[in-house]
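The structure appears below as structure tokens.
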Amino acid sequence: MPSGGRGRPRLQVGERSLLERPSPPKRRLIPRAQLLPQLLLALTVASVFYTIWRIWHSQTEELPLGRELRGPLIGSLPEARVRRVVGQLDPHRLWNTFLRPLLVVRTPGSPGNLQVRKFLEATLRTLSAGWHIELDSFTASTPVGPLDFSNVVATLDPGAARHLTLACHYDSKLFPSDSAPFVGATDSAVPCSLLLELAQALDQELGKAKERAAPMTLQLIFLDGEEALKQWGPKDSLYGSRHLAQLMESTPHGLGSTRIQAIELFMLLDLLGAPNPTFYSHFPRTARWFHRLRSIEKRLHRLNLLQSHPWEVMYFQTGEPPGSVEDDHIPFLRRGVPVLHLIATPFPSVWHTSDDSEANLHPPTVHNLSRILAVFLAEYLGL
């Protein structure tokens with residue numbers, strides 16, 4: 001996931017053509033007695049139109065452009081509900097049950113990769129909400145020879161019209177055999193454990209949403225082969241996301257739609273777990289949802305529901321990101337999917353080193369992120 005600036009196209013204003021000199025307007029003298037009623041009538045009509053315009057504008061100004069116009073108009077949870085959602089999260093379970101089994105070398109095609117993939121599947125199958133779990137398995141040519149990859153796709157209700165999709169990659173980067181073991185704690189064991197904890201903590205609410213056939217459902221995607229095997233490039237990276245996006249684009253979903261068109265919002269989690277992360281909105285289309293996360297962070301801080309979180313370490317920042325990032329969202333973004341990229345930028349100092357381990361994680365940050373995301377999911381899905 002190399003970072004670097006990428007030019008953004010700017011809208012260019014065309015030259016205005018010269019206008020011919022207009023002919024002098026015809027005038028007529030209006031007696032003063034007739035002028036006042038006409039002015040009052042004009043002001044009344046203008047006031048009515050202005051009121052109508054303001055009502056319409058207030059209802060639409062917060063809506064982004066494009067496919068996301070059909071997104072839900074969500075409201076904030078009452079304080080009691082916020083506290084209940086946060087209370088359903090279990091920091092011990094997140095860390096010991098979900099995270100630690102992922103902290104192994106898990107390069108594509110390795111025994112560790114298979115072990116982690118089976119762990120993800122088994123964990124999702126234990127949830128009472130009843131997830132529909134699919135494997136997208138394929139073989140791809142790589143710089144180190146043909147390799148087998150498998151994406152894990154868990155959809156709460158496959159029949160729902162729209163999907164809120166949370167994604168992360170579960171493979172770890174390949175290093176020379178004489179290198180120290182690389183377990184990729186932030187990259188991306190922590191994101192995977194966050195997804196599992198969210199599904200477990202909200203299990204009952206998600207099950208009820210499925211029973212009532214809510215039009216919006218939750219989808220979790222665990223991608224294989226994000227990391228380059230030799231050198232990052234368009235053919236040596238994003239193996240799993242490239243394959244899955246193409247597959248979803250060609251798979252029908254409902255009448256006249258495809259599975260990729262069913263994704264209303266694609267949230268990609270990456271490089272999470274180091275202390276004091278900063279996140280930025282990378283795409284105007286999803287800025288609305290980024291600012292919702294920022295608002296939730298502020299609210300949880302005010303309610304004293306975040307740990308080791310003074311105001312000066314706010315995670316969700318305003319302003320431009322330090323640079324663009326190539327990651328698993330790219331194949332989906334290119335197909336028109338709205339993307340919210342939750343990645344720490346600048347990258348953690350341990351990025352792509354053997355120090356990206358459990359010892360260098362910051363537990364309060366991990367648990368704070370789980371709380372922010374849990375409230376976001378509860379609000380977005382109406383749980």
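Count begins at 1; order follows the chain as displayed.
Placed from the backbone N, Cα and C atoms, the Cβ positions cover glycine too.
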Additional site residue, Asp187, Asp270, Asp327, Asp328 [criterion: listed by Swiss-Prot with Glu227, His352 for Zn(2+)]: Asp187
Candidates Glu226, Glu227, Asp270, His352 (recorded positions) - the one closest to Cys192 (disulfide bond) by CA: Asp270
Separation of alpha carbons, Asp187 (Zn(2+) binding site) and Asp270 (active site, proton acceptor) (Å): 6
Coarse DSSP state, helix versus strand versus coil, of His352 (Zn(2+) binding site): coil
